Amino acid sequence: MTPLLTLFLVALIGLPLAQALDCHVCAYNGDNCFNPMRCPAMVAYCMTTRTYYTPTRMKVSKSCVPSCFETVYDGYSKHASTTSCCQYDLCNGAGFAAPATLALAPILLATLWGLL
């Protein structure tokens, strides 16, 4: 019995401890926001969502989420939006993690079309 208990304790000590993910968590009307925060243990992703009200006015939201689905353009809502996800500490702090300018062209066209 003692060798089995010793083996169990050695195996238990060898397990890596789960570390919580650090993400920026904030909501800001403008280009970007930074507010580092330790996420709860069950969180697997840092998420950044940008909602475009007009081609020059947007809202940035950053959060900790347990699951994440990236989108380039969400055409189901009134305003265009993009969502990006990442899985390492403070990975959602980049200045502009959304798709490149060329990829934003359909969003801008849809926004302009909606204004007509």
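Glycine is treated like the rest: Cβ placed from N, Cα and C.
Marked as signal peptide by Swiss-Prot on the basis of sequence analysis: 1-20.
Annotated domain 'UPAR/Ly6' per Swiss-Prot: 21-105, in sequence order. Averaged across the domain 'UPAR/Ly6' (21-105), pLDDT in this predicted model comes to 83.
Long-range neighbours of Cys23 (disulfide bond) (same chain, six or more residues apart, CB within less than 8 Å of its CB): Pro36, Met37, Cys39, Val43, Cys46, Met47, Lys62, Ser63, Cys64, Asp89, Leu90, Cys91, Asn92. Under the three-state DSSP scheme, Cys23 (disulfide bond) falls in the strand class. Per Swiss-Prot, disulfide bond is recorded for Cys23-Cys46 (among others), and the stated evidence type is similarity to another entry.
Annotated disulfide bond per Swiss-Prot: Cys26-Cys33 (among others), in sequence order.
Residues annotated as disulfide bond in Swiss-Prot: Cys39-Cys64 (among others).
The C-beta environment of Cys68 (disulfide bond), restricted to residues of the same chain at least 6 apart in sequence and closer than 8 Å, consists of Ala44, Tyr45, Met47, Thr83, Cys85. According to DSSP, Cys68 (disulfide bond) is assigned to coil rather than to any helix or strand. Per Swiss-Prot, the feature disulfide bond maps to Cys68-Cys85 (among others); the stated evidence is similarity to another entry.
Feature annotation from Swiss-Prot assigns disulfide bond to Cys86-Cys91 (among others); the stated evidence is similarity to another entry.
Secondary structure at Asn92 (GPI-anchor amidated asparagine), as computed by DSSP, is helix. Neighbour count (other Cβ atoms within 10 Å of the Cβ, all protein chains): 26 for Asn92 (GPI-anchor amidated asparagine). Per Swiss-Prot, GPI-anchor amidated asparagine is recorded for Asn92.
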Those disulfide-bonded residues listed as Cys26, Cys39, Cys46, Cys85, and which of them has the most Cβ atoms within 10 Å of its own Cβ:
Cys46
Inter-residue Cα distance where the pair is Cys86 (disulfide bond) and Cys33 (disulfide bond), in Å:
16
Most Cβ neighbours inside 10 Å, all chains, among the disulfide-bonded residues Cys33, Cys64, Cys86, Cys91:
Cys64
